[in-house]
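Here the structure is laid out as structure tokens; the discussion comes afterwards.
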Amino acid sequence: LTGVLDDCLCDIESIDDFNTFKIFPKIQKLQERDYFRYYKVNLKRPCPFWADDGHCSIKDCHVEPCPESKIPVGIKAGSSNKYSKAANNSKELEDCEQANKLGAVNSTLSNQSKEAFIDWARYDDSQDHFCELDDERSPDAQYVDLLLNPERYTGYKGPSAWRVWNSIYEENCFKPRSVYRPLNPLAPSRGGFACLFFLILSTGLCLEKRVFYKLISGLHASINLHLCANYLLEETWGKPRWGPNVKEFTRRFDPIETKGEGPRRLKNLYFLYLIELRALSKVAPYFERSVVDLYTGNGHEDAESKALLLEIFRDTKSFHMHFDEKSMFAGDKKGAKSLKEEFRLHFKNISRIMDCVGCDKCRLWGKLQTQGLGTALKILFSEKEIQNLPENSPSKGFQLTRQEIVALVNAFGR
């Protein structure tokens with residue numbers, strides 16, 4: 001891909017250079033910190049839109065807890081480096097990975113970790129959200145170590161997966177009322193994804209509605225890329241080999257294979273990157289206050305985590321080609337307020353659809369990335385509240401829960 005992206009004054013080459021040399025190495029380090037590697041999620045919430053057709057029957061999709069005896073010593077020890085890189089590379093961790101079925105969600109945590117999460121919760125507060133949030137007090141909600149559960153292809157596909165994306169595009173995206181085309185991947189010709197996007201552009205939707213669609217398309221492209229990049233290439237004698245699947249990538253994104261739509265999907269991924277990058281730069285004042293800690297109970301690590309996060313914020317501010325969200329919802333106040341609320345409710349509905357994903361691993365990462373994008377939107381629409389934050393006391397006008405912070409950083413990392 002080359003050239004300028006639509007709806008923003010930014011070229012792809014500049015984004016690539018900025019991300020590769022400034023952002024990516026630091027965001028990777030941040031995701032390895034204790035505060036950002038644990039995400040609480042309820043993978044048992046029922047689908048609110050249609051009768052549950054059963055979870056994915058593929059063994060790779062299910063949760064397989066790691067036996068207590070296989071929990072890495074670094075986690076059980078309770079020392080300052082209990083989640084260090086050295087601990088992650090220990091023999092115990094390798095055994096733990098082997099104990100999990102392929103692609104399963106490892107929900108194992110030590111008792112000390114669980115106690116720390118209770119303390120973290122005291123730092124959280126509630127606020128209006130763009131996402132349907134899990135009830136963290138539910139007995140079905142569990143903390144998941146994201147480093148032990150990387151996003152990758154599990155074999156989940158077919159009618160169930162298609163139904164989820166079809167529902168997202170057809171029932172929730174802003175689009176002309178006259179447009180309806182089933183997004184059946186088996187259909188001939190250009191296919192629903194491409195056709196719908198073409199019709200949306202050709203009917204002159206306003207900027208806000210174009211942005212909404214491009215964000216969903218970018219999220220879809222992002223998830224597809226992750227699956228192509230970490231694909232099960234072969235499994236012999238119980239030893240899976242994961243790696244990039246170029247054939248699958250070509251099928252989803254090559255200009256010829258997709259009749260010209262693949263590059264557009266990838267451009268929407270860059271657009272999604274810019275939106276979340278913009279949100280990070282806008283929310284910096286919230287974290288720059290001394291009253292905000294990335295609290296885990298380990299003072300030294302917490303200080304290092306915050307310093308690294310603030311360094312990333314400085315980098316995001318140095319990028320001069322952000323998406324300008326001020327052009328959105330800039331019409332008459334009544335119309336802008338109505339459109340903004342419609343925008344929020346549409347996205348909230350999409351977050352609820354993630355509970356219809358039949359594969360636990362896919363549901364985990366779908367919910368996390370959706371919440372991350374929802375948090376980015378919440379930030380962009382709260383600029384005045386962020387500017388008026390008190391320095392030495394919690395704010396009632398704008399607040400982020402730990403879940404939102406973890407989702408924002410990890411979604412941007414993806």
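Cβ from N, Cα, C; glycine included.
These numbers come from a predicted model, not from an experiment.
Here the candidates are Cys356, Cys362, and TrEMBL names Cys362 as the disulfide partner of Cys359.
On the backbone, the CA of Cys362 (active site) and the CA of Thr154 (FAD binding site) stand 8 Å apart. Largest CA to CA distance in the FAD binding set (Arg152, Thr154, Trp165, Ser217, His220, Arg252): 21 Å, whole number.
Counting in whole angstrom, Cys359 (active site, nucleophile) lies 12 from Arg152 (FAD binding site) by their C-alpha atoms.
When other Cβ atoms within 10 Å of the Cβ of His220 (FAD binding site) are tallied across all protein chains shown, the result is 19.
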